[in-house]
Amino acid sequence: MKFSKMHSLGNDFVIVNNIDKKNNISPIFIKKLSDRYTGIGFDQLILIEFFCKKYFYFKIKIFNSDSSESFQCINGIRCVFMFLKIKKLIKKNIAFIGNNLGLSKTLMTKNKLICVKIKPPRFYIEKDILVNPKYNNKEKIILRIFKKKITCYFVFVGNPHCIIISKNIEYNNFSLLSKYLLKNNIFPNKINISIMNILDFDLIKLKVYERGSGETQSCGSAAAAAAAVAIYYKKLNKKIKVNFSRGNLYVYWEKIGNFMSIIGPANHIYDGKINF
């Protein structure tokens, strides 16, 4: 199987052109492949499954490192776009990339960053995510965890997110907190969890724990969700810089109800080939 290793601010991917359907990849193989010591290592594996040349439409499948399927990955879409450019599968600076749940208009900016446009964020999580009926269709809930009250803001940006606002972005127990939230039947189908520190009216800092992959270096959909919370609840500017440990993403949301743009880099690391 031929593949390309790519990343966006350290959020790394293995991307496979599977349009000819030659690669029948099993969950066991995905887990083996994702191992950073005995495999290739990645946060997500992305298969390009279908291509409509007339409309520049590419259908993809996204798998987390634990082999569970993901239905949104903005950093991944950005890397797929760069893959398509490198492999000369597209000539223009625009493509529509997504799955059966929807497409994202993706384009190259003048300064060689990649912009992904997504549907308007939705400020609640549906009942299949939350186990307790009193939490269903809520915009936010307050939980008491480790003797502290924590406000969880819910946002759906193609996948579900829980955003926690804290001044202590380097919270040492972030991984412990995330695992607690995921294992204590609050979110039976799991959820992406982020801690956000608001630094200015146009700047936030983010730490992310992705469902199916664990703590990652960056996450495009988390950046979108956190920016949505910052704009909607805290009245931040419509253009926000989202800082991760390895760099920045930029989120632009003109107004509530409009599509949202997430802008950032995508980098090719190497090409390879591996046997099943």
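Placed from the backbone N, Cα and C atoms, the Cβ positions cover glycine too.
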ASN11, GLN44, ILE74, ASN75, ASN159, ASN192, GLU210, ARG211, GLY220, SER221 bind substrate per Swiss-Prot; candidate in ASN17, ASN18, ASN64, ASN168 listed for that same site: ASN64
Taking residues ASN11, GLN44, ASN64, ILE74, ASN75, ASN159, ASN192, GLU210, ARG211, GLY220, SER221, which bind substrate in the record, the widest Cα spacing (Å, whole number): 17
Protein Cβ atoms within 10 Å of ASN64 (substrate binding site), excluding its own: 22
CB within-chain contacts under 8 A for ASN75 (substrate binding site), separation at least 6: SER8, LEU9, ASN11, PHE13, SER218, CYS219, GLY220, GLY264, ALA266
Cβ neighbours of SER221 (substrate binding site) where a neighbour is any other Cβ within 10 Å: 30
